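Going by TrEMBL, these are the annotated features:
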- 1-225: domain 'tRNA methyltransferase TRMD/TRM10-type' (DOMAIN)
- GLY112, ILE132, GLY133, ASP134, TYR135, VAL136, LEU137: S-adenosyl-L-methionine binding site (BINDING)
- 245-254: compositional bias 'Basic and acidic residues' (COMPBIAS)
- 245-264: region 'Disordered' (REGION)
- 255-264: compositional bias 'Low complexity' (COMPBIAS)
Amino acid sequence: MHFDILTIFPEYFHSPLKVGLLGKAIEQGLVKINLINIRDYAQDKHRLTDDRPFGGGEGMVMKPEPIYYALEALKVTPPSPYIILLGPRGRVLNHQVAQELAQKDRLILICGRYEGVDERIKKHCVHEELSIGDYVLFGGEVAALVIIEVVSRLVPGVLGHPDSARKDSFSHHLLKHPQYTRPRVFKGWSVPEVLLSGDHKAVERFRRQESLKETLKWRPDLLQKASLSSEDKAFLKGLGWRETDAKDHDKDISSPDPSSSNQS
């Protein structure tokens, strides 16, 4: 997987890309990162990347020329890139979107700043705009790191265990079950006995039920999309769940206010 990151702060990425499994994946060549300073493609001697908005208003807007010429330079080199503008008006990143992006050979991520990017870039130069949530950030660099991580986890060979990504939260529209490790007892808090039983079927049943319980408690909307067996449904109904609950939950969620969305 190849990522090209367009940013006015390439140094922002130096430390995060060197640590953990992502750092190892980059060292092994499983993930490739190319940092591009947008200022290098500015068309004036002052290397300006922003200007005042037409029509007035607060703040500054990122100019189209540096981003356009940076994209043109990148597109010369194969493979053909899928270009994403990080901003508040696009679809929101989730596990399914990450799976879609992981099927691409190469992603270009444009990090917005200030009041945003000139609209002509979005209309004529990118495939889509993508957001990581309904909140405000200083810029798209944080969002770019999030996308790099969630997509890289899905690249074969990046995770130590091949089943890790398959069993992640959201991979089956369910939150992951709670995890425990040594010691067996800490401050009087004990690990559930079933996890120490050695009965693999009982452990799997316990984890499945805990996953269902966590999802019902924190993200009941996900249950509408989850593949639930008759045993799953019986367990959930024992907790007070109704099959109509998820649909009702979705109806109760109001549309997000774009003005409160992030710069990512």
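Just so you know, glycine gets a Cβ as well, placed from its N, Cα and C.
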### Summary
A correct count of other C-beta atoms within 10 Å of the C-beta of ILE132 (S-adenosyl-L-methionine binding site) gives 23
### Summary
Widest Cα pair spacing in Å over the listed S-adenosyl-L-methionine contacts GLY112, ILE132, GLY133, ASP134, TYR135, VAL136, LEU137 is 15
### Message
I need the most crowded of these binding-site residues: VAL136, LEU137. Count other C-beta atoms within 10 angstroms of each C-beta and give me the top one.
### Response
LEU137
### Task
Count, for each of the binding-site residues GLY112, GLY133, the other C-beta atoms lying within 10 angstroms of its own C-beta, and report the residue with the smallest count.
GLY133
### Query
So, in DSSP terms, is TYR135 (S-adenosyl-L-methionine binding site) helix, strand, or coil?
coil
